[in-house]
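Student: Copying in the features that Swiss-Prot gives for the protein in this structure:
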DISULFID  C68-C126  disulfide bond
CARBOHYD  N102  N-linked glycosylation site
DOMAIN    155-232  domain 'Ig-like C2-type 2'
DISULFID  C173-C220  disulfide bond
CARBOHYD  N209  N-linked glycosylation site
DISULFID  C276-C324  disulfide bond
DOMAIN    346-432  domain 'Ig-like C2-type 4'
DISULFID  C367-C414  disulfide bond
DOMAIN    461-567  domain 'Fibronectin type-III 1'
CARBOHYD  N466  N-linked glycosylation site
CARBOHYD  N557  N-linked glycosylation site
CARBOHYD  N693  N-linked glycosylation site
COMPBIAS  823-837  compositional bias 'Low complexity'
COMPBIAS  864-880  compositional bias 'Low complexity'
Amino acid sequence: MTLLTSSLLLFSLLTSRLEAIPVLEKSPAHPAHSAHTAHPAHPSPGVRILRAPESLVAPLGDEVVLECETSLQPERFEWSHRSSRSPGAGFKYLRTGTAKANVSQEAAISRLRVLVRPDTLGEYRCVGWFGPLVVTSTTARLELASTSLVDAQEPESPLQWRVSAGNSVLWSCGQQVQSNPSASWSYFRNGVEIKPEFIGTNGNLFLSNVSSESSGSYSCQATNPASGERIQLPGSLQLQVTPEQRSQSKSPHLLKGQPSSQEITIREGSSLLLLCPGVGSPPPTVVWSSPDVVGAVKNKRSKVFGHALEISNTRVHDAGTYICFQDNGVRPALEHYIKVHVEQPPQIVRPPWADLTNEGDRLKLECEATGVPTPEIYWLLNGHSSIDDTEAELSNNFLILHSVLKRHAGYVQCFARNRLGEHSAGTLLQVNPKQIQEPRESGGTHRPNPNQGSKHKQMYPPTPPNVTRLTDESVMLRWMVPRNDGLPIVIFKVQYRMVGKRKNWQTTNDNIPYGKPKWNSELGKSFTASVTDLKPEHTYRFRILAVYSNNDNKESNTSAKFYLQPGAALDPMPVPELLEIEEYSETAVVLHWSLASDADEHLITGYYAYYRPSSSAGEYFKATIEGAHARSFKIAPLETATMYEFKLQSFSAVSASEFSALKQGRTQRPKTSTTEEPTLQMGDRDTTTPSHNETFNMSPMLTGTIGGGAVLILLLISTCLCVCRRRNSRSRGNNPNKPRMAELRDDFVPLGNCSPTKQRQRTRHIHITLNPLAQQQQQALEEKNDTDQDAPYYQRPSSYDYDPALRRMSSSSLRRSQRTLERAGGSNGSNNGNNNNLNQTAEAGAVENPGKPGRVLMKRPRLSSRSENLSSGSLNSVGV
């Protein structure tokens, strides 16, 4: 792949970003990092090197295989090489299929076959391409196997040692051999190979508690395990063991050729064997100690075998000086010093941490590593060395970018290396590009016209979406609208296209509202949306279409290529556990969660939070939480005093975890004002809402008292209503079921029987509404009555037994009533029966009492509380 193509792929990520949606804010209570706490790799792209190529030592002409494995299958693998002939030169990408290098790929594993030649020796790297991201492995060295003598001199005369029985003898045979890799040793006595008592002595032959049978001629041989080459060392040892009783007493001392001190270098984690030279007569007793290492001898990892001290699983703090003290009772005693160096491979303890950075800003990244010797730190920006970047400066463990440019967007890796190996860590650098303002026409000062409104405002497009796999058929998109003063956006539409020839863009049906026209951060406003009904094992591109207030639209740049992998091919993501939903305020809650102790945070880019009211069965609102280290977040705004249900899932650039268990929480209730309320005027009402404690914390006794009082008041009101109704019924008559005609007749009383005390009530008349069906006929009759006042009518002579004035008034009232009855009888034949019955009743009363004067009926006063309406019946008037 050419550099031009690589640059085009990188450009697609320049404006990509991972931000939270508007409803999210960082929790105010966030634990601070201690000075020794390592930052997690954030934001992580979700991909990493699982198995880097290992350094190899091989003979000339051999073929070796370097393997590299990534956590996810990349779009492609590439290998780079730096020759050992020019160590100062940079790495160069290899051409595959050549005679000296052949690359093959199987899923997420790449293999490089190399023929060992002088020009193929050197360092190799594996490079994985994930869209615009470039992830580089640590360096593997390919070295040539070799074995040689340090000083090729003429053979020396054999060593002649004479010791008494019971002593321990140490012979350093392999001090003159240099081998890569380390040689394996064979020892011979009188030409016969013997098995050494201790293995891994690096060319030292140790014989403990020698006897006369140990006497003889000793020699050694070095073998290169890679090439199989063997070297017979020229030196030899002639050992003579004498009986102890024949030897004279001698203080502990060293034999000819034995070192007075030793210096040993070992790799951390290996087993360390310290051997103490020296003999005496009688054989001395050995005591081990160390002035530098506390508890170096007396611990679970240390074992003492007389003249030998073995320390397993060596650690860095085991380095120091060890003393072998020998004493046999004959002065002086012997002290032998051994200096131990423990080397440690590099390990990055504080990886770089890059947040969203504006284009043109200054960025400082730190990378702290441990190791012995002290590791060297170097940086790669999307696979390219920072040394070649004009904006980059290296200062101790820091990488300083004086001005962040678009080409810096991508994966930034820190490497720590020493002679034992390399270690790397990386972070995703996101660059927020500058918004390019369209130049205004020159020629005078431009003054804004308030009447123009938003006519000349610019349409700023959203950033390209970041894509995360949700399921085998769906993805989550995240994008941002940078802060600007352009035309407001109304809605968004999501478009996607399958990569391939003749594949068209498709638009989803959902309209994604812009929401409130305000920025949720200094950088702008973020959004999320999901796309479903995709096909696994296919590559897609996505873009966002923004619709503005002028009904015009503008598209974002397309996303990087996204390969939708099936879930079976992905490692499961850590599932967060919701611990608590904190009632933060009336419109906000804070989510608290945790991860399992064995969860790998390096796989996590952030978290998705889903929430909705518990009473709703609709879709969940979505929120994005950035950073694998986040353990709490505030969600706002929410409805007051409303119960919500929440669930979480972690995500990376290529996949998302399973959902956490649902957990419910609610926002706080409105707080009751503690100030004194003003006096309520007429028509006002108290609308103060009781607080949560006032509503639910009343004592049971108070509750029972209030309830009992309310019941008594209801009973009292019911009793009063019943008594009033009964009195009202009695005042209307004892027979509530008597006919309406009889009731109407009772409304008129005989004038002769009327007592003087009721004269004041005679002016109160009943108002009778005519039948609506006969209103027109009644109106015509009334007009006829007005024109014919002398119409004849029949009336029995009446006698009055009281005041003449009252007699004249009653007579006039009766004449009007009789004329009304006669007109009704003439106009509505259906009512004659009722009128006749009424007249007949009056006449029958006169016949039955012939001796009494005729009765004249007058209207009886009615209570004002009763209203008579006879319009629904057939009676239209009253008969006398």
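Using the three backbone atoms N, Cα and C, a Cβ is placed for every residue, glycine included.
Quick one: where do these features end up spatially?
Tutor: Long-range Cβ proximity for C126 (disulfide bond), meaning a same-chain Cβ under 8 A and a gap of 6 or more residues, is found for I49, A52, P53, L66, C68, F77, E78, W79, S110, L112, T136, S137.
Cβ neighbours of N102 (N-linked glycosylation site) (same chain, under 8 Å, six or more residues apart in sequence): T96, L112, R113.
Around C173 (disulfide bond), taking its Cβ as the centre, 22 other Cβ atoms fall within 10 Å, counting all chains.
When secondary structure is read from DSSP and collapsed to three states, N209 (N-linked glycosylation site) falls in the coil class.
In three-state terms derived from DSSP, C324 (disulfide bond) belongs to an extended strand segment.
Around C367 (disulfide bond), a 10 Å sphere centred on its CB holds 26 further CB atoms from the protein chains shown.
On the 0 to 100 pLDDT scale, the domain 'Fibronectin type-III 1' (461-567) averages 86 in this prediction.
Other Cβ atoms within 10 Å of the Cβ of N466 (N-linked glycosylation site) number 26 in total over all chains. A strand conformation is recorded for N466 (N-linked glycosylation site) in the three-state DSSP classification.
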Student: For C414 (disulfide bond) and N466 (N-linked glycosylation site), determine the Cα separation and express it in whole Å.
Tutor: 24
Student: Give the number of CB atoms, excluding that of C276 (disulfide bond) itself, located within 10 Å of its CB.
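Tutor: The Cβ of C276 (disulfide bond) has 26 Cβ neighbours within 10 Å.
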Student: Sort the residues of the domain 'Ig-like C2-type 2' (155-232) into helix, strand and coil with DSSP and give the three counts.
Tutor: 3 helix, 38 strand, 37 coil
Student: Do any residues at least six apart in sequence from N209 (N-linked glycosylation site), in the same chain, have a Cβ closer than 8 Å to its Cβ, and if so which, in order?
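Tutor: Correct list: G166, N167, S168, G306.
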Student: Counting other Cβ atoms within 10 Å of each Cβ, which of the disulfide-bonded residues C324, C414 scores lowest?
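Tutor: Each of the disulfide-bonded residues C324, C414 was scored by Cβ atoms within 10 Å; lowest is C324.
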Student: Which residues in the same chain, at least 6 apart in sequence, have a Cβ under 8 Å from the Cβ of C220 (disulfide bond)?
Tutor: C173, G174, W185, S186, Y187, F188, G203, L205, L233
Student: Taking the Cβ of C68 (disulfide bond) as the centre, how many other Cβ atoms fall within a 10 Å radius?
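Tutor: Other Cβ atoms within 10 Å of C68 (disulfide bond): 26.
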Student: Could you check which of the recorded positions C276, C367, N466 is the closest Cα neighbour of N557 (N-linked glycosylation site)?
Tutor: N466
